[in-house]
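Trainee: My questions all concern the structure below.
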Amino acid sequence: MHKASSLSELGFDAGGASSGFFRPVADGCPATPTSSAVPHRRLTKISVIGAGNVGMAIAQTILTQNLADEIALVDALPDKLRGEALDLQHAAAFLPRVRISGTDAAVTKNSDLVIVTAGARQIPGETRLNLLQRNVALYRKIVPPVAEHSPDALLLVVSNPVDVLTYVAWKLSGFPASRVIGSGTNLDSSRFRFLIAEHLDVNAQDVQAYMVGEHGDSSVAIWSSISVGGMPAFKSLRDSHRSFDEAALEGIRRAVVGGAYEVIGLKGYTSWAIGYSVASLAASLLRDQRRVHPVSVLASGFHGISDGHEVFLSLPARLGRGGILGVAEMDLTEAEAAQLRRSAKTLWENCQLLDL
C-alpha cells in the first residue's frame with residue numbers, strides 16, 4: 001500500500017496554502033523557485049558596504065558560516081579597508097575557499113546580496129533630523145552605484161535608523177520592495193527570546209517570540225507570540241507568575257530595547273550579535289530557506305497602516321532567494337495594532353521630511 005508523503009497526496013490543495021499565512025508586500029516580485037529546482041549550484045557573492053565594527057563582524061560571520069564564495073568590502077577609508085581585507089585573507093588556511101576584495105563600489109559588481117552598514121556618526125548636539133539628512137546624503141553616494149553594478153541583487157540595510165534608511169534605499173535603488181530589506185527587529189527578537197529562555201531555563205532556539213514595529217524605543221513586544229517547544233507559553237507564564245503584570249511586561253520590553261545600549265556602555269559598540277543576526281538573514285535569503293524573520297518591510301496595508309503611507313517597519317516575513325516572499329498575517333490585540341500604527345505614523349512623518 002502506497003503511503004502518502006505529502007499533504008497534496010492526502011487530497012489537500014497545498015499549492016496555495018502559504019497564501020493563508022502570508023501576504024506579498026506592495027510593489028513586490030513573484031517568488032523564485034525553491035533551490036531544489038535549480039540544477040547547478042552557482043557561485044554566491046556578498047558585498048558589505050562599511051568596514052566598521054558591525055560590517056566586519058558580519059563579514060567574519062559570513063565567512064565562518066560558508067555563506068559566500070566571494071565577499072567584496074567597501075569603505076570610505078582605504079587604508080583601514082585594505083588592512084581589514086588582508087587580515088581576513090591571511091586566515092585563508094583556516095576558512096572555506098573564498099575570494100575577498102575591497103576598494104570602491106565597482107568591486108560589488110554582480111553581487112547576489114549587498115549589505116549596507118555604513119552610516120554617518122552623530123555629532124554632539126546634532127539633531128536627529130540633521131543626522132538623518134546626512135545619512136540620506138551618504139546613501140545617495142552608496143545606493144545608486146550599487147544598484148547599477150548589481151541590478152538583480154537583494155539589498156539588506158543594517159545602518160540606523162534602519163527603518164527610515166531602508167525606505168531611503170528602496171527609493172534610491174529603484175528595486176521592488178520585495179528586494180529591499182532592513183535588519184529591523186531580528187536582533188531585538190533574539191534578545192527577547194534570550195530573556196525568556198533564561199527565565200525558563202531552556203534553549204533560546206526552542207523559544208519563539210517576536211518584537212515588531214520600529215527598531216527602537218517604540219518597538220512592540222507580541223506577547224501572544226511566545227511559544228516554547230511549539231507550545232503557547234504566555235498564558236501559563238501569567239497564570240503561574242503573578243508578577244507578570246503590565247508593568248513587569250513593559251520592563252521586559254524595555255530591557256530588550258535597552259540591550260544594545262548596555263553593550264555599548266560596556267564595550268563601546270555592538271558587533272557580534274548583529275553579525276550573527278545578519279548572517280542568519282543572509283542564509284535564509286541566499287539558501288532559499290523560506291524561514292520567517294521579523295525584518296523591516298514595506299508595511300503599507302498591514303494591520304491598519306494606510307495603503308498611502310509608504311513606510312518600512314518590522315513584521316514577520318518569509319525570506320527566500322527572491323527576497324521578501326510574504327508577510328505573516330499576525331493576530332494582534334487592538335493595543336498591539338494601535339502601537340504598531342503609532343510607530344508607522346512617526347516613521348512616515350520622518351520620511352516626509354526627506355527630499356526623495
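Just so you know, glycine gets a Cβ as well, placed from its N, Cα and C.
Annotation source Swiss-Prot lists NAD(+) binding site at Asp75, Ala76, Leu77, Pro78, Asp79, Lys80, Arg121, Asn160. Annotation comment: Swiss-Prot describes Arg128, Asn160, Arg191, Thr270 as substrate binding site, evidence class similarity to another entry. Under the heading active site, proton acceptor, Swiss-Prot lists His215, citing similarity to another entry as support.
If you look at the structure here, what lies around each of the features I listed?
Mentor: DSSP classifies Asp75 (NAD(+) binding site) as coil under the three-state reduction. The 10 Å shell around the Cβ of Asp75 (NAD(+) binding site) contains 23 further Cβ atoms across the protein chains shown.
On its own chain, Arg128 (substrate binding site) has no residue at least 6 apart in sequence with a Cβ closer than 8 Å to its own Cβ. DSSP assigns Arg128 (substrate binding site) to a helical segment in the three-state reduction.
For His215 (active site, proton acceptor), the Cβ neighbour count at a 10 Å cut-off comes to 30, with all displayed protein chains included.
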Trainee: Output the one of Lys80, Arg121, Arg191 that, of all these binding-site residues, has the highest number of other Cβ atoms within 10 Å of its Cβ.
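Mentor: It comes out as Arg191.
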Trainee: Of the recorded positions listed here (Arg191, His215, Thr270), which is spatially closest to Asp75 (NAD(+) binding site) when Cα positions are compared?
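Mentor: For Asp75 (NAD(+) binding site), the closest Cα among Arg191, His215, Thr270 is found at Thr270.
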Trainee: Given the recorded positions Arg191, His215, Thr270, which one's Cα is the least distant from that of Arg121 (NAD(+) binding site)?
Mentor: Thr270
Trainee: Any idea what DSSP makes of Asn160 (NAD(+) binding site), helix, strand or coil?
Mentor: coil
Trainee: Where Asp79 (NAD(+) binding site) and Thr270 (substrate binding site) are concerned, what is their Cα separation in Å, rounded?
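Mentor: If we compare the Cα positions of Asp79 (NAD(+) binding site) and Thr270 (substrate binding site), the gap is 23 Å.
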Trainee: Could you measure between Asn160 (NAD(+) binding site) and Arg191 (substrate binding site) for me? Cα positions, answer in whole angstrom.
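Mentor: With distance taken Cα to Cα, Arg191 (substrate binding site) is 18 Å from Asn160 (NAD(+) binding site).
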